Amino acid sequence: MKDTNITLAFVASFCTIPQQTTIGSYLTSYLPDANSSIPVFENLSGFIHYCDVAMDLAVKEINANPNILPNVYVNVKRFSDCGGWYPTVESFTGLDVGFPAVETAEDIVVRHPDVIGVIGDQWSSAARILAEEFTHSQIPMCACQSNSPIFSDKSKYPYFWRTIPSAGFGTHLYQVLKSWNVKRIALIVQDQDNMSVAFAKDIKLAMLQHGIQIVCLVNFETFFNEEALTDATMELKRTSARYIVVSGQSPFIARATYKLSQRGVTGPDIVWMSYGVPQVFGDPVELLGPDYEASLSGFISIMSMQPSEQNPVFKRLFEKFIVKAKVEDRMSMFDFANVFWLQAAYDCVMMMLLGFDALLKNSPDATPQMLASRQLQGHMNYSLFKNLSYYGATLSDMQLTDNGDLQTPYQAFYHTGKKYGSVVFGETDFAGTNFSYYPNSKPVFYGGSSIPPKDGPDIPTIYEWSANLNNKEGVVLVVLFCTSMILTLLCLYLTMAFSKKRTIRRSSTAFLIPAIFSMALLSASILLHYGQDSLMLCKSRMWLQVMGFSLLMTLLDSKCYIDYCLCLSGKSMKKNVRSTLMILQATALAVNACLLTLWTVFGDQRLIQSHSRDYFVFACDAGGYSSRYNIVLLSFNAVLLLSALYFSYLARDADAASNESTFSGVIALTFSFAAIIMIPVLTTAAPGRPAVMMSASTTWILLVVTLAAIFGPKAIMIAADQKRIQQELSALLKPRQSRASSPTKQRYSATGKGRRVSSGNRIATMSSSGSTTSSRHEKSYYLGCACASFQHKKIPWWFTDWEICHVVVVCVRGRVLLYFFGEATVRSYIVPENPQSKLAAAGVVRLYGPRWELWCHFVNDLEVGRFLERYKNITDLARK
């Protein structure tokens, strides 16, 4: 007599078993032997009952073994995850079990505290709720039928494990396809089933990693209609899909395969494949059609390694089972292992109890009483059952992967077309790195051929496209980026080098430099089209484009409003207008940044694969007009654009008064036309080459038009002004052969720091009356020419407007004259002589530049007479 009792919970769809008594989800009685209506094979109730028999055999075997859990007796309680029996329960597919599954979890965790482990014979959709709750309550759960890859995430389900494989199926499927030289497949998915969607994701990832193209993806509802079948048939035929993989539950696989085969998607050149068996719950002839079995001919199933008939544990289990279930003349060994997977149910119970036994034996402080009272639950995550050295019915060495799934190879079967008959012809290795045929075994496809059909018609090789230097689109992108960035830097140089020019000062560097920065952001966004697209690049492009656009629009708003206030309003501008505008501008940018942040975090961006005739491309799909974050972001920036248009119109007459170009209106109108035309086009255009080039070209055009509108007139005015000044200086400084005696060399130091002024010929000077005299003592020297800033109290007030100009310094009769060449005129001013030096003007002029001191360079003597002849008004100024 054993001293301690522990309890396992068997959770399954017991609602398929009629005449059962329940309290909540707990079955107070289970009398399948007395219920003659339980069918074999055909109905779902048969699957539930047979798994229960296999699990019960394992419990009885442990209770009879004195070496495993000695002094511990294992009890069983059964719980239904789908409520009580109802007439249409045989069509139950595991969906919509929210409340019954929650009730089951609450019953086990709260109302039955003697349960310390759970064995689940469930649909993956139904098992998900229980797995989450049992993880929270630290109750281990082993599943023998729930093979969805979602449970392989141990960060979410550390207490869930199973005796069947799951994650990684796509890698094994690829090895089979590789051996047949298949490069293209179609994928049909039961999109209302969690397991099917998860397996489809696993398959797509494996195909992507290994270069297999999915030419057609069909998403079916569980109970699809004729319209869906028609659309799927057209798509499969349009893409010439030859190898069609179905991801779904067994009844869905059977129905989809049969219905599409009836519509012509069958023949010697078509291969249907899946990870399961195409089987319905019930009579397939009655449910589908008389030719159903024949339609399965050549169907390929890639399933986990099936038990060997030589495995003594498997043989003993099968012999006990057929007697216990009374199916000696109805169930074959193939049905037992491949249709019902009953060995997995048996191994689940065995490994669960062997894990409990190992915990007691390896933990000196652990006692059976602690085990029974849930005091050891914290030690029962999947790692406890990972490597028990268990010789199981499924495999001789049952080990779990790091995902809590059974580590096993996969086998490939072809169906004979006679009932559910199938023949195994090869297997992969454990890691899914190779596929090999069994000796003298080959697949038999539809029509009897063993030669794998071609995966499609001969078409040009489809390649992955991205903009790079190997194609013209990539070269164009680089050219667009380089030209836009060079143009941006040239505008920045123009602004900084001529920041004191009147045409630059009219716009102010406070406007021009941020405007240049906004164009730099747009230029950088062009480069982000280069290479393979990703979600990070997509979001970065949006940030650069939106922030560059909003910065430019707010700058235009501020400038146009200031122009209006200064030139057209007829009122004096208030002192705090500029600061208020800066605050509004910063607020608009902050709002845009917040909207972009919401769009980035909660938006519907996703990376999609778009196919063309000869290439496919990964592109970012931001959701278009269906995303509320896109609509809010677009609406706010549309308001900024409309405000720029309004203020440009408001200040349309200010240009004549301020002598400024009409660039504000040009820019606003250009962006408006681009928004009206290009946003709908880019939103609806298919991802690929055209979309990339349209986006990049539009950005480049907007950038060039903006910079040309702002800086084009300024560059022309500065060039004309520089040319005029150079002409003035050339005429002034052009030497004339003196009729005086031979030259006398003298040298003066302009700065006292080693720089010298070379004096040359004795030159003629002109008196104030205009007469020409010649004297050795009346020499004029040209001391230098440079750009200068005048910040000296002796400079007359009328020089304050000429902060940048060219200066000619001339020493005449011991007096220093400064001739100022502004943008339009020439002026002179006589600096009083300093007793210490005749070059007292040195203290007046402050020159810009890192290597300039007083004057930037020195040349030979200048004949002042030529200068005075041209500018006679200078003598009047000098006399005064």
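All residue numbers here begin at 1 and follow the chain in the order shown.
In case you wondered, yes, glycine gets a Cβ from its N, Cα and C as well.
As written in TrEMBL, here are the features:
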- 473-724: domain 'G-protein coupled receptors family 3 profile' (DOMAIN)
- 475-498: transmembrane segment (TRANSMEM)
- 510-530: transmembrane segment (TRANSMEM)
- 542-562: transmembrane segment (TRANSMEM)
- 583-602: transmembrane segment (TRANSMEM)
- 631-651: transmembrane segment (TRANSMEM)
- 663-686: transmembrane segment (TRANSMEM)
- 698-720: transmembrane segment (TRANSMEM)
- 734-776: region 'Disordered' (REGION)
- 738-749: compositional bias 'Polar residues' (COMPBIAS)
- 765-774: compositional bias 'Low complexity' (COMPBIAS)
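Stretch with the largest number of CB pairs closer than 8 A to the transmembrane segment (631-651), among 475-498, 510-530, 542-562, 583-602, 698-720: 542-562. Below 8 angstroms of C-beta separation, residues 467, 469, 504, 509, 512-513, 516, 519-520, 522-524, 526-527, 529-530, 692-693, 696-697, 700, 703-704, 707, 710-711, 714-715, 718, 804 of the same chain, each at least six residues beyond the ends of the transmembrane segment (475-498), sit close to that stretch. Sequence-distant neighbours of the transmembrane segment (583-602) (same chain, 6+ residues past either end, Cβ-Cβ under 8 Å): 539, 542-543, 546-547, 550-551, 554-555, 557-558, 629-630, 632-633, 636-637, 640.
Remote same-chain residues near the transmembrane segment (542-562) are listed as 507, 511, 514-515, 517-522, 524-525, 528, 573, 577-578, 581-582, 584-585, 588-589, 592-593, 596, 599-600, 622, 633, 637, 640-641, 643-644, 647-648, 650-651, 654, 664, 667-668, 671, 699, 706 (criterion: CB distance under 8 Å, separation of at least six residues from the stretch ends).
The average pLDDT the prediction assigns to the domain 'G-protein coupled receptors family 3 profile' (473-724) is 80.
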